[in-house]
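Trainee: According to TrEMBL, the protein has these features:
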- Asp154: active site, proton acceptor (ACT_SITE)
- Pro103, Ile104, Ser105, Cys106, Gly107, Leu108, Gly109, Ser110, Ser111, Ala112, Ser113: ATP binding site (BINDING)
- 74-162: domain 'GHMP kinase N-terminal' (DOMAIN)
- 231-300: domain 'GHMP kinase C-terminal' (DOMAIN)
Amino acid sequence: MIVKTPSKVILFGEHAVVYGYRAISMAIDLTSTVEIKENSDKIILNLNDLNKSLKLNLKDLKEIEPNNFGDFKYCLCAIKETMDYLNIEPKKGFELNISSNIPISCGLGSSASITIGTIKAIGKFYNKPLKDDEIAKLGFSVEKKIQGKASVTDTSTITYKGILEIKNNKFRKIREDFEEFLKSCKFLIVYVEKRKKKTAELVNEVAKIENKDEIFKEIDKVIENALKTYNKEEFGKCMAKNHDLLKKLNISTPKIDKVVDIGNKLGFGAKLTGAGGGGCVIILVNEEKEKELLKELNKENVKIFECKMVY
Ligand SMILES: Nc1ncnc2c1ncn2[C@@H]1O[C@H](COP(=O)(O)OP(=O)(O)OP(=O)(O)O)[C@@H](O)[C@H]1O
Ligand SMILES: C[C@@](O)(CCO)CC(=O)[O-]
Ligand SMILES: [Mg+2]
């Protein structure tokens with residue numbers, strides 16, 4: 001049995017959203033794949049992209065603390081939470097193969113994607129398919145347990161797809177007319193550099209910033225304006241403003257700033273996306289200058305994804 005799950009990009013409001021402020025996020029067509037098959041009385045986890053494997057006895061699952069299992073922590077926590085929720089007595093073992101074309105730890109929700117994929121796979125494997133509301137709730141619980149602090153942004157976007165507005169840890173689909181506007185926008189996602197820190201660490205560092213609420217309120221104003229404009233140039237300027245505010249949270253890097261500057265100059269606007277500390281930049285393309293934009297970006301030794309929104 002195979003489950004394919006998308007990833008996400010945050011257009012506005014990362015970090016602020018952890019504190020109940022607003023964020024806008026969009027599901028995109030980079031995908032993780034979780035394959036599950038029966039395996040006597042063991043649990044075997046294969047992280048194919050990382051070349052790592054783990055074998056556990058089914059009966060030991062209840063006792064383990066996922067946070068002690070390095071890169072296995074998201075899928076182990078997802079397995080535990082789902083089996084607990086579904087009251088599954090672990091009698092039938094399984095092998096789980098995880099692979100993905102989402103750059104890992106780069107701001108595109110790789111953790112949420114494999115988490116949601118694992119939750120769905122477990123439900124299907126034990127013949128107890130879960131509803132989206134249950135999947136999103138379990139996914140959020142996993143991200144919170146592993147990150148310490150988390151919002152529902154990544155797990156909800158990846159579960160419900162489309163474009164979501166998140167506030168106070170609740171989500172709603174974005175207005176239809178605004179979705180139409182966003183569909184007319186072309187975004188590039190640029191993988192700039194490997195992140196040195198995990199989302200969990202970045203979220204904890206932002207928590208220590210004293211004037212963070214002032215910055216979050218400014219970000220909220222930017223989003224308010226972005227949602228009123230149906231103009232790409234204005235929307236791009238809002239992205240640039242959000243990036244300037246993210247810089248005040250100390251989560252940007254010189255290389256990210258350089259790519260954002262290129263995106264602001266040769267696109268309508270740009271910002272880092274996700275937890276920061278490196279990772280990816282999202283650029284709103286100005287089709288008239290797209291060739292020049294790509295030429296400049298290619299000088300920076302970056303990887304460019306032309307992602308499509310997933311519904
Ligand atoms: N393909 C994969 N195979 C195995 N583990 C993965 C895979 N993708 C993600 N992970 C797990 O998720 C972790 C990365 O999650 P993290 O939250 O730090 O980054 P992200 O989700 O990519 O970015 P962001 O949270 O900013 O959107 C990895 O260290 C690993 O534990
Ligand atoms: C940094 C953050 O806001 C987004 C990570 O993609 C964390 C979260 O919302 O859980
Ligand atoms: Mg993550």
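Placement of Cβ uses the backbone N, Cα and C atoms for every residue, glycine included.
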Trainee: Among the binding-site residues listed here, Pro103, Gly107, Gly109, whose Cβ has the fewest other Cβ atoms inside 10 Å?
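Mentor: Ranked by other Cβ atoms within 10 Å, the binding-site residues Pro103, Gly107, Gly109 bottom out at Pro103.
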Trainee: In three-state terms from DSSP, label Asp154 (active site, proton acceptor) for me.
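Mentor: Reduced to three states, the DSSP call for Asp154 (active site, proton acceptor) is helix.
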Trainee: I'm checking region-level scores; what's the whole-number mean pLDDT for the domain 'GHMP kinase N-terminal' (74-162)?
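Mentor: Summarising the domain 'GHMP kinase N-terminal' (74-162) by its mean pLDDT gives 95.
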Trainee: Near the ATP site, what residues other than Pro103, Ile104, Ser105, Cys106, Gly107, Leu108, Gly109, Ser110, Ser111, Ala112, Ser113 in the same chain have a C-beta no further than 8 Å from the centroid of the listed C-beta atoms?
Mentor: Ser7, Ile102, Gly274
Trainee: Over the span of the domain 'GHMP kinase C-terminal' (231-300), count residues by DSSP class, listing helix, strand and coil in order.
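Mentor: Split by secondary structure, the domain 'GHMP kinase C-terminal' (231-300) comes out as 42 helix, 11 strand, 17 coil.
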Trainee: Take the domain 'GHMP kinase N-terminal' (74-162) and count its residues per DSSP category (helix H/G/I, strand E/B, coil), listing them in that order.
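Mentor: The breakdown for the domain 'GHMP kinase N-terminal' (74-162) reads 52 helix, 7 strand, 30 coil.
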Trainee: Would you mind sorting out which binding-site residues among Pro103, Ser105, Ser111 put a C-beta under 6 angstroms from ligand 3?
Mentor: Ser111
Trainee: Could you tell me the C-alpha distance between the residue listed as 'active site, proton acceptor' and Ser111 (ATP binding site) in angstrom, no decimals?
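Mentor: Their Cα atoms are separated by 9 Å.
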Trainee: State the count of C-beta atoms found within 10 angstroms of the C-beta of Ser113 (ATP binding site), not counting that atom itself.
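Mentor: The answer is 30 other Cβ atoms.
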Trainee: Give the subset of the recorded positions Ser105, Ser111, Ser113, Asp154 lying near ligand 2, defined as CB under 6 A from any of its atoms.
Mentor: Asp154
Trainee: Report, as a single number, how many Cβ atoms besides its own are within 10 Å of the Cβ of Ser105 (ATP binding site).
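Mentor: Ser105 (ATP binding site) is surrounded by 20 other Cβ atoms within 10 Å.
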Trainee: May I ask which residues of the same chain, at least 6 positions away in sequence, place their Cβ under 8 angstroms from the Cβ of Ser111 (ATP binding site)?
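Mentor: Listed in sequence order, they are Tyr74, Ser105, Glu143, Ile146, Asp154, Thr199.
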